[in-house]
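TrEMBL has this to say about the protein:
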REGION    1-122  region 'Disordered'
COMPBIAS  1-13  compositional bias 'Polar residues'
COMPBIAS  70-79  compositional bias 'Polar residues'
TRANSMEM  206-225  transmembrane segment
TRANSMEM  237-257  transmembrane segment
BINDING   Ser298, Lys304, Glu305, Asp334, Lys527  UDP-alpha-D-glucose binding site
ACT_SITE  Asp334  active site
BINDING   Lys528, Asp552  Mn(2+) binding site
REGION    650-672  region 'Disordered'
ACT_SITE  Asp756  active site
TRANSMEM  826-849  transmembrane segment
TRANSMEM  861-882  transmembrane segment
TRANSMEM  954-975  transmembrane segment
TRANSMEM  987-1005  transmembrane segment
TRANSMEM  1017-1037  transmembrane segment
Amino acid sequence: MATSSGARKYSSSVGGGGDRPPQPVKFARRTSSGRVVSLSRDEELDLPEEYAAQNDYINYTVLMPPTPDNQPGATSATNVAGDKPDGPTPYRAPSSRFRSESQRIRMGSHGGDEDSGSGDTARKLDRRMSVMKSDNKSMLLRSQTQDFDHNRFLFETKGKYGIGNAFWQQDEDSYDRDTGMSMQDFMDKPWKPLTRKIKTPPEILSPYRLLIMLRMIVLVFFLVWRIKNPNHDAMVLWGLSVTCEIWFAFSWLLDILPKFNPINRMADLAALKDKFESPSPTNPNGRSDLPGMDIFISTADPEKEPPLVTANTILSILAVEYPVEKVAIYISDDGGAILTFEAMAEAVKFGEVWVPFCRKHNIEPRNPDSYFSQKTDPTKNKKRPDFVKDRRWIKREYDEFKVRINGLSEVIRKRCDMYNKNEEMREKKLIKEKNNGVLPSDQKIEVTKATWMADGTHWPGTWFKSCADHAKGDHAGILQIMSNVPESDPVMGGPDEGKLDFTGIDTRLPMFAYVSREKRPGYDHNKKAGAMNALVRASAIISNAPFILNLDCDHYIYNSMAIREGMCYMMDRGGDRICYLQFPQRFEGIDPSDRYANHNTVFFDGNMRALDGLQGPVYVGTGCMFRRYALYGFLPPRSNEYSGVFGQNKAPAKNIQPRSDEEEPLTGHPDLNLPKKFGNSTMFTESISVAEFQGRPLADHISVKNGRPPGSLLTPRPPLDAPTAAEAIAVISCWYEDKTEWGDRIGWIYGSVTEDVVTGYRMHNRGWRSVYCITKRDAFRGTAPINLTDRLHQVLRWATGSVEIFFSRNNALLATRRLKFLQRIAYLNVGIYPFTSFFLVIYCFLPALSLFTGQFIVQSLNIAFLCYLLIITVVLTLISLLEVKWSGIALEEWWRNEQFWVIGGSSAHLAAVIQGLLKVIAGIEISFTLTSKSANEDEDDIYADLYIVKWTSLFIMPLTIVIVNLVALVMGFSRTVYSVIPQWSKLFGGAFFSFWVLAHMYPFCKGLMGRRGKVPTIIYVWAGLISITVSLLWITISPPQGSDATASGGELKV
């Protein structure tokens, strides 16, 4: 390698004697007498006692590869410049990372002349075992104990010889000033990746892929056979069935193709701590060098989202295991309710004792309601003698906290009544003073019924009695710091009489801010997406953490180490290309049978895990860690473009430079243009580059690109001042987004009910990738609706958003070339899956039509049809079993998902498609709302809501399908029995598919029946009687073909 001082010369120990074969490394072992004996049948080795007293040596011989430190060639063919030659000519490197101290001394004593006669000595050193006296013992001991670091080897041998063979450097004791690393750092502490990818075992994945290909081929042959063999006796049935089957095959392909490469990931928390929180030359005090984290919680209505639930979520976040000075928490109250405001103040007050208690006893989970509701033994793995006393005291404090939260509404109303009464008395006094102490009888005293805060001032948000400037959709912006910016150093507690002993426990709380953006009539506030963008701007002014964690108010932190695990992916090599990290959603309070597939494990453990093997999972609205710089609409530092029909041609994407307003776009897709219009806040604009720099991985290795120097985030956060707070208020005003790109390409995207999916799609479209983080202990837990009506309305909202995506410019068909082919298929399926409802409804009615008419979708149940049906069914079953195997879901969960797919597809999905088509074609907005609601009669049953029947128009179609199929079964059976020549094959074909439909509809029927025993027996009796009566009436009107009508009393003639 060329240097400024010219070519360097080395000892002939590097390679002497062109005919000498490469010398083996000799391993030896210590005998019982203490002598070290070579196992290579060579001379005995006299090792220093400090090494001989260690472990026994390994009893095999390793042949060193021909590296620059061990060349078999002659010394004459040396590259003068020190560069690596193109051919097989041997070459030398400046120094070896494994060269011992004695070797360096010998090299120095020979000056630098290669022909100085030191070849014999060098050969003797080469023949000896390369375990010699050195300043570093760790490398030797790792060789003895077989502890070979594979990750280190893979990373450090990429593109050049890495640690383990040879290391090129210009000086013996070089120090890289850019990264702050030297050779000794690598010798003492080997570089470790923070995460690793675990691929699906090939014995599962290979058959899985093979079966998918086999089913694709069989489906093609089956559909061709169906088209070539029509049923001329029932062309309508045949045509409808073939059309539905073709669409089902297409829909199945869209769903199964992105599952070709499912993977798992694992994070190394110990490596994260060693790298960012351990003493080092750049961090002598061991302070945390981790980037900051802003956590967003969104709420809108305290009546629908109880303040106690939100308060428990806040408490779980306050106690998270992350550097306290690096965390900032923001809650967005889009309703501007004083009840939420004061509940959060109470939560912070209780958090002053709850958070140190969690840290002292390592409590999990750190949501107090969930912790005290656990059925397990609370003393398990607890070793402190004062735990029981502390738990008893904190449990009493939490009970009192809950009572205060529950009584807040009444306390606020009484306070407001008192202040309003005082205002009325003051007004009367003023009137009396104006009228010489007399109150006119006709004088009306009008005092605005205001909502008052505890300090005796008007609440700037929504009042109980709405008026101008104090109503929902019309109130000022509010920003209140409820927990100040913590000290940069830990604040240790002490013994406290009457309370807990927090000696040696950090009692600091993270910064917590209450935010309610300004709302005024005439402005489109864009619901949750607008609230999230307001938090993005306010947090950029106050804390400007490079990463943002988004949570719903009912999703609390179940694993206090979850943020650290997520940070492992962001801070690992290549983490600068990750736009967000999605955690799976886990739910509590679901009925044990999971009747309506509320856990949705097939999606979260199957589809999302498979997408992680492509370009990353989709964003699902909560439990997501964002890179702030990616939210701003910028492009990733590196990305690829995929061309060809199937995206098989991969090439690095070109960097796009900023352009002026007068210049034409540099690309053909608007998502690839750089954002410009962030608003008129200079402080916000200046924060963008800071957030981008702080979000980079640590540049502690040559393979880390776009990194930051170690120790660059050790500076404490500056305290808040008045100008900063005023700027934060300004950026949450309702007019700030005018003439900007917020909601268009910056922040959360507007214009869709499912703004989460669109926001993630835009990031993937720019070339970013995302990661799916499944932690061993669930990261977050929340609640989900277990009532059938609520569940269907939830699915309706998702499906409506998908239809909007399909008819918008966010359709995956219009994506850029930076989106992978299979990722494009996955996003295309997001927009297309609701349209399957049309074909699903038709197919659910086909068995009934077959039983009504006495015909079937095929001419007869011949061998070909049955073989195709058997093969397709068996292959699909095997695919499902393998999918269950690699995803880890249970068979019962898979079956529940299949059932609810039919229920939701025939109700909510169909309604969403109709609503979307009416909106696109005619501009008509339709909303499906509840028309009646029954009360909950059993408040002691935690699953009581499961049995509540709330009628909705979404019930009409699935209920019709159930009734029609039940009646058709009775009629088909009666028709066949009363026929002269019964056609049992057609009956069995129609009856089989009818039972298939009814089996999928069973949870829906069970939901309509309510609680067990609540459905009167007369309902079942009347249902049977009506079915028999209708079937007999149908047979009378349309008798079976070939039957002898005279046997029943003659013919009916007209």
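Heads up, the Cβ atoms here are built off N, Cα and C, so glycines get one too.
TrEMBL does not curate its annotations; it predicts them automatically.
Taking the features listed in TrEMBL, we show where each one sits on the structure.
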residue : record                           : Cβ contacts under 8 Å, 6 or more apart
Ser298  : UDP-alpha-D-glucose binding site : Ile331, Ser332, Asp334, Lys528, Ala531, Met532, Leu535, Asn550, Leu551, Asp552, Cys553
Lys304  : UDP-alpha-D-glucose binding site : none
Glu305  : UDP-alpha-D-glucose binding site : Thr299, Cys553, Asp554
Lys527  : UDP-alpha-D-glucose binding site : Asp334, Glu755
Asp756  : active site                      : Tyr619, Val620, Gly621, Cys624, Trp748
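Outside the transmembrane segment (987-1005), and at least 6 residues removed from its termini, the chain residues within Cβ reach (under 8 Å) are 595-596, 788, 844, 846-848, 850-851, 856-858, 861, 896, 898-903, 958-959, 961-962, 965-966, 968-969, 972-973, 975-976. Its own atom aside, the Cβ of Asp552 (Mn(2+) binding site) has 22 Cβ atoms within 10 angstroms in the protein chains shown. For the UDP-alpha-D-glucose site listed in the record, the two most distant Cα atoms among Ser298, Lys304, Glu305, Asp334, Lys527 lie 16 Å apart. For Lys528 (Mn(2+) binding site), other Cβ atoms within 10 Å of its Cβ number 18. Take the CB of Asp334 (UDP-alpha-D-glucose binding site) and look out to 10 A: across all protein chains shown you find 23 other CB atoms.
Apart from Ser298, Lys304, Glu305, Asp334, Lys527, the residues listed for UDP-alpha-D-glucose, the same chain places the Cβ atoms of Thr299, Ala300, Asp301, Gly335, Lys528, Ala531, Cys553 within 8 Å of the centroid of those Cβ atoms.
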